[in-house]
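The following features are taken from TrEMBL:
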- ASP515: active site (ACT_SITE)
- ARG475, THR487, ASP515, GLU564, HIS567, GLU586: N-acyl-D-mannosamine binding site (BINDING)
- HIS567, CYS577, CYS579, CYS584: Zn(2+) binding site (BINDING)
- 34-372: domain 'UDP-N-acetylglucosamine 2-epimerase' (DOMAIN)
Amino acid sequence: KECERKLRVCVATCNRADYSKLAPIMFGIKTHPDEFELEVVVLGSHLIDDYGNTFRMIEQDDFDISSKLHTIVRGEDEAAMVESVGLALVKLPDVLQRLRPDILVVHGDRFDALALATAAALMNIRILHLEGGEVSGTIDDSIRHAISKLAHYHACCTRRAEQHLIAMCEDHSRILLAGCPSYDKLLSPNHRDDYMDIIKSWLGDQGQECDYIVALQHPVTTDIQHSIKIYGLMLDALLSFNKKTLILFPNIDAGSKEMVRVMRKKGIEQHPNFRAVKHIPFEQFIQLVSHAGCMIGNSSCGVREAGAFGTPVINLGSRQTGRETGENVLHVRDADTQNKIYHALELQFGKRYPGSKIYGDGNAVPRILKFLRTIDLNESLQKTFCFPTVKDCISQDIDHILETQSALAIDLGGTNLRVAIVSIRGKIVKKYTLPNPKNHKDRMQLILKMCADAMRDSVCLNCRILGVGVSTGGRVNYQEGVVLHSTKLIQEWSSVDLRTPISDELHLPVWVDNDGNCAALAERKFGHGKGLENFVTLITGTGIGGGIIHDNELIHGSTFCAAELGHIMVSLEGPECSCGSRGCIEAYASGMALQKEAKRLHDEDLLLVEGMDMKLTEPITAAHLINAARLGNCKADAVLNKASTALAVGIINILHMVNPTLVILSGILASYYQAPVQHIISERALISTQNIKIVTSELEEPALLGAASIVLDYATRRLY
């Protein structure tokens, strides 16, 4: 429904950056005086001399400023930002009461914009929020999402941002996918031919196209000290790189004062290669970015507007890492050394990339004006949210009360894939086993199918699945649910995200961990480790692995390879291990190592002894070696003594390093090794550790039970 009178639109701008997005809309509104009445409110850093008094460019653009509000409390720290929000909230009511706008247009994620949105929402003024739904990676995200929740209407820039707003329960009919208004100017066919004059006016006569750098770095308010460190490293790298550089002062966020101090300490303002400025008019700034050899820093301009020109960009730190970018952006997330930043400059400087239109196609303003025309001022001002459908339940159900809380456990073995429904008491209610496919695609499809079958069966079995736990060999980033490097038994299984596809398919939380860690967790919840704060689990199977519980916490290590117990070296010149080293416990005492020795003895006709019943076609295994030793084969007995000694020496090293209360042997060889290992420890360990017990696990399925325990501990609010 079209409005019968002019729509009174108030555009509030807080700084040079948001004005570049708001100005095209303001010009669009101004060209339709019969439909719209424009009011302009200026606040924030626009009115501060240190930041260029940028309100003047608004006046130069021939806009009448209805109100100027001095809202910035100086100090450039966290407290000053909070005080600035408070000061804005004190001053805004008088202005909004006087202007009485039908709709207030606010942009982005600044603390000033949060004050504007808060005041307008409390005063029953409709709010149109620009650029909601985006993710950048700092406190700005929280502010941006808070403004989105206060806003009545949204004009977003990308399809992903639109989906984020919908996921945040915003009304789809009040979300406009417009694109970024600044792109209307960037993609305009009326290109300026005087760009060389602009370059020389800011960089001097030596400034040449594609042979200079634009630098713009802002503080990250959630980690100010790290921001200052990165800023100093960036300046050092730019000094070493020795190219003409146009550097803009940081914004007014907490930490900016310290960053400027770093700049001055390094003499940047006097250096012949640098031109340090507080403000550049947007039209000239985009020309400078367009023709730069590279842009560096963490400004949103680098990941947004610069992409339209294909300008190479180096984004430092975390401030913009969540944003969608074109291929022109090289992220240096851990910008912790000057050399790393310098190398990025070497890679990016002077390149050109295809232009990107992720953030707009040049037609945002017409869409926004059309959207404004559709606003019905007679509609209720009360904002509604589109929550997902939730089944109403006012009565209890006996089946729900009697449901067994359970987990779905997956064990990714080298030979078989196993899935099980495991109850909260550790009972395996139902288990599914199928051969493990050899390639990545088939393996993933089979996992999802087996999980889907188990989920269907869980209903009939009256089990409520709380989540999915995955046990797998190799090195696992348990925080991300990614297998970083797997064992040789599972090929094509590196850098594999297991969490996302399983979670997307089953709509359940998913946890992933190494099989040795899972065995330790199984013991902690269901086995010998129950109630113990410090113990070690050692798996003695095809390979050797394990997990360490210390102070009731599972130890993962800084690179997720703690408790690689099978690769403790007990000899400098021992047999070759599957890891590529020599003398590891696994090379002596694993099932594969014993099988290798059994085959060697068999090939030399030294394995069979009287009493051994063995078919000619029967494959040689570690079991034959153990059987031969029991029947008096001295060669087999010598191999097993060496294996037991190697395992015991490795465990002694563990006892001396972490001093656990208990060591639990798990796996198919555990019962054989327990007695000889305990004996060797009693002879060779320090007196203070000789009495630590070596016990054999009584759990039949430690990998599955451990995977399930992660789910059950989390889902029942226990610590993992």
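Numbering starts at 1 and runs along the chain as displayed.
Glycine too: its Cβ is placed from the backbone N, Cα and C atoms.
In sequence order, CYS577, CYS579, SER581, CYS584, ILE585, GLU586 constitute the residues six or more apart from HIS567 (N-acyl-D-mannosamine binding site) in its chain with CB-CB distances below 8 Å. Cβ neighbour density within 10 Å is lowest for CYS577 among the binding-site residues CYS577, CYS584.
Annotated Zn(2+) site HIS567, CYS577, CYS579, CYS584; additional same-chain residues within 8 Å of its Cβ mean position, judged by their own Cβ, are GLU564, GLY566, MET569, SER578, GLY580, SER581, ILE585, GLU586, ALA587. If you measure from the Cα atom of ASP515 (active site) to that of ARG475 (N-acyl-D-mannosamine binding site), you get 10 Å.
Annotation for ARG475 (N-acyl-D-mannosamine binding site): same-chain Cβ neighbours under 8 Å, separated by at least 6 residues, are VAL483, LEU484, HIS485, SER486, ASN514, THR559, PHE560, CYS561.
Comparing Cβ neighbour counts within 10 Å across the recorded positions ASP515, GLU564, the minimum falls on GLU564. Averaged over the domain 'UDP-N-acetylglucosamine 2-epimerase' (34-372), the predicted model reaches a pLDDT of 91.
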